[in-house]
Each structure stands twice: as structure tokens, then as C-alpha cells.
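Q: Supplied in C-alpha cells, the structure appears directly below.
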Amino acid sequence: MITITLPDGSRREFEGPVSVMQVAHAIGPGLAKATIAGQIDGGHLVDASDLIEHDAILRIITPEDQEALEIIRHSCAHLVGHAVKQLYPEAKMVIGPVIADGFYYDIYSKRPFTPEDLAAIEQRMVELIAQDYDVVKHITARHDVVRLFKERGEDYKLRLIEDMGPEVTAMGIYHHQEYVDMCRGPHVPNTRFLKAFRLTRISGAYWRGNTKNEQLQRIYGTAWADKKQLEAYMQRLQDAEKRDHRKIGKAQDLFHLQEEGPGLVFWHPKGWVIWQTIENYIRRVYRNSGYGELRCPQILDVSLWQKSGHWDNYKENMFFTDSEKRTYAVKPMNCPGHVQVFNQGLHSYRDLPIRYGEFGACHRNEPSGALHGLLRVRGFTQDDGHIFCTEAQIEAEVTAFHRQALQVYADFGFENIQIKIALRPDKRLGDSLSWDKAEAALRAALSACEVEWQELPGEGAFYGPKIEYHLKDAIGRTWQLGTIQVDFMMPARLGAEYVDERSQRRHPVMLHRAIVGSMERFIGILIEHYAGIWPTWLAPVQVVIANITDAQYEYAEQVHKALLNQGFRVNIDLRNEKIGYKIREHTLQRVPYLLVVGDREKENGTVAVRTCSREDLGAMSISTFVERLQTEQVV
């Protein structure tokens, strides 16, 4: 007998091995019809057809559950493959993973897909869904899978199988009628669960993300549990399109990117004002929190990166250069440099914690297909800091950082924050005991802060677990920003030591921390969060003064000088244009305040104040307006 325990504590007994779907049928036909997959003993998800061969706790996954979304999206990717192979039999399927809010499928085709092709593929998917067919899973021996894909000419699937270790002797093959694909699953049991989908765009990609390899075509899509969720998401996409930081950046003359420097940003004067304002704000955070700001070299001999572990775990993402028979790496991270500063002199336990901060410029060799405006670049600057402390100080330091980070996010207008702990990955440095201690320290710190968090198994960095801060923006999108990581490994690898109270040398704990992360990415997020309507303290131009006629020329200059002397970012528009034209132009540029001066304002020593939201605040004295501006300054 096999006993299945359900989430409400009730139990069902079966004569022998039983599938998730059979359990659902035993409970009722309504649940069986809604069953997508199952979760066994609170752990991994399994297909509805998978057998349970021992006593277990079973949670049946339906479209109402959050876990269903990834299953639906992954199944939709396979449905793309089914439709593409019916319409374009010569195409070769590559990979089709789930991504945030959707999925994509990489495909090799000699003929480029067009928007008309995308519409045809989507229509064929609709037709296939209407057939209401079952998705059938077979666990298949590796050699049979190889034979299957050879017969079908799926060269990329064969390459993926070659990448698998010899321990993989069988794999899941999912049958969509005549179309087959391999996957770990789980997938939906029937196409009726896939009705709420949309294909969104086509882009280029490269096999294995390497520009030296053959080019692929990537079909993006989104899928949801029902049509209402899909429509809400499509509306968010429209809202996001209006907020696209690349469009706003061009319209406001903030930055640009060009082919000669892929993933490298050219900052224009207005954009650099925003950068400097944020940098000065973070610099104040450093100072108030006891960090010493430093600066480390851009390139360092590869021997240091070999010692730190980056060479073995990260070299494919690094840039290298040679000089005088030595190989140097352009730094992808700042941490090894900070350890070198710590190592200049022997520290006592009384000196700890020691906190370093740097606006560290890093470079990472990201695949060209992954680059996206400011949000995914190759050259970036981090508000990077490292704390050297004892194990006993970890909780206090993480707690202080947590409170500091929440204040920073609030100052930038983010209130909805989710906290996650990313736990040990398969590929990592150090032993299990060190990881146990590091993960326990992060949990203890968050418990002390009385906050809730989610745990992400396998998503930590190779040198330590980390706390992640995920922020929701104005249209509900989630962005991962700040992190703090416990690292017991790197100080030992790079020889960092202090003398403890017993006069013995010990390795400090190293905490890696960043609040905004990449400055480039953070500014891109802010542009989209604010939709280009900057809060006054961040706006590249805070005020524009516009005269109505030449008769107010000198008075406008006086107002301009008075505001400049107060430290505000002010422009003056003395052009011989109609005042309505000037107002429209500067309103479209989203300048927070427009001060109009005519004969009445000149006579009374006032300014007529308008906002970029077209609100008329009436006449104010210059001193009253200055007080208003000062209340809106964060730095």
C-alpha cells in the first residue's frame, strides 16, 4: 500500500504506484481536469503522469498556483517547436527556456523569419491548442534519443546531448503529436492549458551565445494561466514601451551606445549630471556608514585571478590583454583589489570591522545578443563595498546594511521590496561546513530585522551565499538590485589575516555588498520607473527661466543668477520665441519647474511657477520658490 498525504492533512491509500493524475481523479473529476503537475514532499515538481512509488506528501499543481506559470511557459516553448516544424520543416530546433514573464525558442533557419512568419506561427499554435491533444512523456534511453534526433536531422539537439555527462543514461522526451522534444519537465498534460499566450517578437542570437558561432533566430513569447492575466501583461508591455529607457534617453539627450563599443555607454552632459547626483548620494551613504572610499587598478595580472578563484569559475566572462610577456585581466569584479588594500599591514581584531567602498569600473564579456541598453552592458560601475569582520560581527553588519539599503531605496521612490537568500550552487568554492555557517549567518541577520524572505537554492555566487533585494517599479516589474554576500573563502585564498585576542592569526570574514549595483543599470531602471519625469533632486535641469519679451531680459538674468548661487541646476531661455512655444518645449523635456517672467513678475520681484505636469502654481517670490526647491533635495 502507498499512502498519499494531501496539504489539508487528509490521506489516500493506493494498492501500488500511482500517478499524480490518478490521485487527482480519486479526489474528483474537477481537480483532475485542472491538474497540471505535482509537488512531492515539498520539493521537486513532477509531471502529472509521473508515478509515485512510496509514501509521500503530494501537492497538486493547478493553474491557480504560482508554480504553474513556469510549466505553462515551458510547454508553450515546445508548442512553438511543434508549430515551426509543421510550417518550416527544414528549421532546426535549438533550446527553448523559460525567462521572466515568458519564454523563447532559438531556431536555426536559413531563411530569416519575418513578422508575417511570427503571425503564422502564432496562428498555427492556436490551431494546435484547439485540437486539445495530450502531451505525452516517455523516459527514453540516451542511445534511443540520439537515434531519434539523428533520424529527424536535429543537429543542435545532438550537440546538447553530447554536452551531457556519461551519467545521463536516459531523458524525458515529450510528444506533441508528431513533434518531439527533450526536457527535464514537467510539462502540461494537455494543450488546453496553453490558451493564454502571445508571441511577442523575433530577434537574433548565436549558438552558445558566441558571436563566432552560427546565427540563430529567437522567437519570444509570453504565456499565462488565463486570458485576464495575459491581457494585463500585454497592457504592462505597452506601458513599458512608453517608458523604454533607450527612447527616453535619446529624447532627453542623456546617453547613447554605438556599434564601435557594444555594451559600452557614452554619457552626455545631462545624463552625467544624473550619474554624479547618484554617485554623490551614495558617497554620503559611504561616509555616514563608516566606509573608506578607495580606488583600485582596472587590470591585474591573471595570477591574482587564479588565486581568487575567478580564473576557474569566471574566465569565460573576462577580458584579457598581454604586455611584456604577461597576461592581465580587466577586472570583472572589485573584490580581489579590496583584499590587496586590506593586506597592506597587519590588522588587530580591534580594527575590525573595516569597511571599504569603491565606485569600481568593471568589464564583463557578456554575449552580444544579451546586451540591452543600460540594463545589460559590458562596461559598468558598481557602488561596490567590502566589509572585513569577525564571524561574531556578521549579524550586526548585515543588519546595518539591510536598514541602510531600505533607506536608499525609499529615497529613490521604491517601497515594494522583496528579500531573497540565494543559497549554494553546485559549482562553488569551499567546504559544506563553511557554506552552512555563511547561510546561517544571513538567516540570523534577517530574523533580527524581523523581515520575511524567500530562499533560492542553487543561486548563490560560487564564493558565498547572498541576500538579494528585488524592487517593484511603478508598473509592477521586479528588478534585482542590492546584494550582500558572506564570503569565508576569498580572504583565505588571498592571504587576508588579522590578529585575534589570543595573538593568533586568523582570516577575516568578507562581506561583499552593493545597494544599487551597476550604476548604468540603476539609471536605466530609474528612467523607466519615473518614465523620464525626474524628481527635482535627480533632474539634470531642475529649473528653466523663460522671459515673455526682451523687456524682462535683465530680470530673468537676475533670477537665473540667484538660483545658480543657491546651487540649483538652472537654464535660461531668452530666445525670441512665443512663450507658449517655450513652455511646450521645456514641458516635453520634463524639466520639473518652468519660471515665466513677464512685466508683472518683473515689477513685483516674483516668478510665475509651472510644473512639468502642466500645473500652474501661480506667482511666488524667489525666496519662497527657493524654499520649495530645498524641501525637494535629497542631497
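Easy rule for this one: first residue shown is 1, then count along the chain.
Including glycine, each Cβ sits where the backbone N, Cα and C put it.
So Swiss-Prot says this about it:
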DOMAIN    1-62  domain 'TGS'
REGION    244-535  region 'Catalytic'
BINDING   Cys335, His386, His512  Zn(2+) binding site
Q: Taking the mean position of the Cβ atoms of Cys335, His386, His512 as the Zn(2+) site, which residues outside that list, in the same chain, have a Cβ no more than 8 Å away, listed in sequence order?
A: Met333, Asn334, His338, Val339, Asp384, Gly385, Gln485, Asp487, Met490, Met510, Leu511, Arg513
Q: Near His512 (Zn(2+) binding site), how many other Cβ atoms are within 10 Å of its Cβ?
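A: There are 22 such Cβ atoms around His512 (Zn(2+) binding site).
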Q: Using DSSP with the three-state reduction, classify His512 (Zn(2+) binding site) as helix, strand or coil.
A: strand
Q: These are the binding-site residues: Cys335, His386. Which one scores highest on other Cβ atoms within 10 Å?
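A: Selected residue: His386.
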